[in-house]
Structures are given as C-alpha cells and as structure tokens.
C-alpha cells in the first residue's frame, strides 16, 4: 500500500527521468488528472487528485479523485455505477499531471449529465464571441434517476 | 477579435448547455488545457490558459497558453518551431477545462525534452512505491540546440 510520495526533485533532469514517482502537487495539494478511454483514446474527463486519491488509484486499480467542491475523496462511479478500471497510468515531464487510461463500467458514461464524455461541446467563433455547440447529446443514463434530487453525486 | 468572456452562469443547467462560452476560470484566472494530436488522438500535454490565451487561441487558430512559471502568455513553439495549429476546441460540462485537438509543426514534438508527448513515462507499482518507467525515449530534437543554455524556452 502506498502511504506517501517523495518530494519532487529540485533537479529538473531528475524530476524528468526514470525513478520514483514524485508528484508536483500544487499549493492546494493537487495534481491534474486527464482521463481517456483505454479502448479508443477518447478524452472522457479532467479532474484532480490529492496524494491520497493518487495512492488509492495506484493501489486499487480503480480511479479515485479529490472533489474540490465536496472537499473529499471521490471514488468515481460509486453512485452511478460507472466505476473506472485503470489500465495505464502515466505522468508528464514535471509530474504535475497524471494520465489515466480507463475502461468505464455501468452505463459506459463518465459525465454526470449522462453523456459518455464531459467534453460534449465544441467551441466555435461567431463574430467576436465564443459559442458552444453540442456535439454529443446521447444520454447513457438519466441523471435524475441516478443521482439524488439535490444533485449530489 | 474576442475581447472578453461572460461570467460563468450560477445556473448549472445553463453552464452545461449550448450558448456563450463562459469559462470558469479558477482563483488564479486559469482553466486547464488538455492537448491531443488531431490525427491519432495521442495526449501531448497539459497546460493552463488565462482569458487572453484562450481568446488568442480562438482568434488565431494557433495554441496559446499561460506560463505559470514565467507569468506570461506562451505561444507554444515560438522558440522550437513546434507551433500547434488548432483543429477543434471543446470544453467540459462546467467549463473549467479546454480540450484542443492540434497538429504540431516543426519536429512534431511537444515536450521540451524533445519527445513527442510530455507523457513519456508509465507509473508502475513496486512494493509500496510508485516507480516511473520511460515508455518513449525517442527525441525528435536536441533541447540543447533548440533552447537557450539557461533552459528558457
């Protein structure tokens, strides 16, 4: 069981090399997590992890995040059943981002709106404004049926 | 030319719907940017954008970020020649993350270490520790030749 991570190295070459995972947590103790589908590479979501969430993810092979709004560990899919099994974990050059390749159980949906991916909208330019067009409106589940009426998840 | 973005809506359904792009910038005025290759979907990098970087990206079709270390707008590839042409911009449900699908000019490398992607290392568990294994060590360019000796880029 992973209990802690070493401090990031102040030696840039060391931080960028092989060796111990030494995540560069930000001032709030978080790294960014990017989540793609292990089967086809689709970008599903972006979230955050604290040390505990990252350790739990590595230890259990099930994705855990840190919910900034609820200020607690968030085992993704615990309510909806859409648990994420982790196939591969990577980190980037300065170790402040984590990439999970996952397969999604349940409805095969990651977004709380019921869509497969949280990135269901395309940004387009109209005159001097950015406008959002919905590119995917297929709901794999009905959020009202899956989450509590108060919107908690 | 985009000069500003509207405030995010306090109405969750509105923030998640079609309509004006209303990025939910964090306390530092930033959103997370996830960058994938438009051709094969490979995750290339994770960075941050302030309002100016996002507006410049939408306006010019060339990826701009905000460098937190240098505290200024960062036109990716300006030194290395590896400019990113943006094919598609998406945002997620709460509009605090941006996804760019890009094609990379120059060396077709995104990482400052010369590799194609910043995510060149796999996290593995060894006993009670996370260990990094280098999965891609092919350098598309020599960083010492491309960047200044002091490591600025």
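Backbone N, Cα and C define each Cβ position, glycine as well.
All TrEMBL annotations are machine predictions without curation.
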Report summary line: region 'Disordered' per TrEMBL, picked from A:1-21, A:22-42, is residues A:1-21
Query raised in the report: A:92, A:94: which of these binding-site residues has the sparsest Cβ neighbourhood within 10 Å?
Result: A:94
Query raised in the report: When you measure from the Cβ of residue A:111 (Zn(2+) binding site), which residues in the chain that are at least 6 apart have a Cβ under 8 Å away?
Result: A:44, A:45, A:117, A:118, A:120
**Report entry** Under 8 Å by Cβ from residue A:96 (Mg(2+) binding site), same chain, sequence gap 6 or more
**Finding:** A:23, A:24, A:25, A:26, A:31, A:32
Report task. Could you put numbers on the helix, strand and coil content of the domain 'Phosphoribosyl-AMP cyclohydrolase' (A:45-120), residue by residue per DSSP? Result -> 10 helix, 30 strand, 36 coil
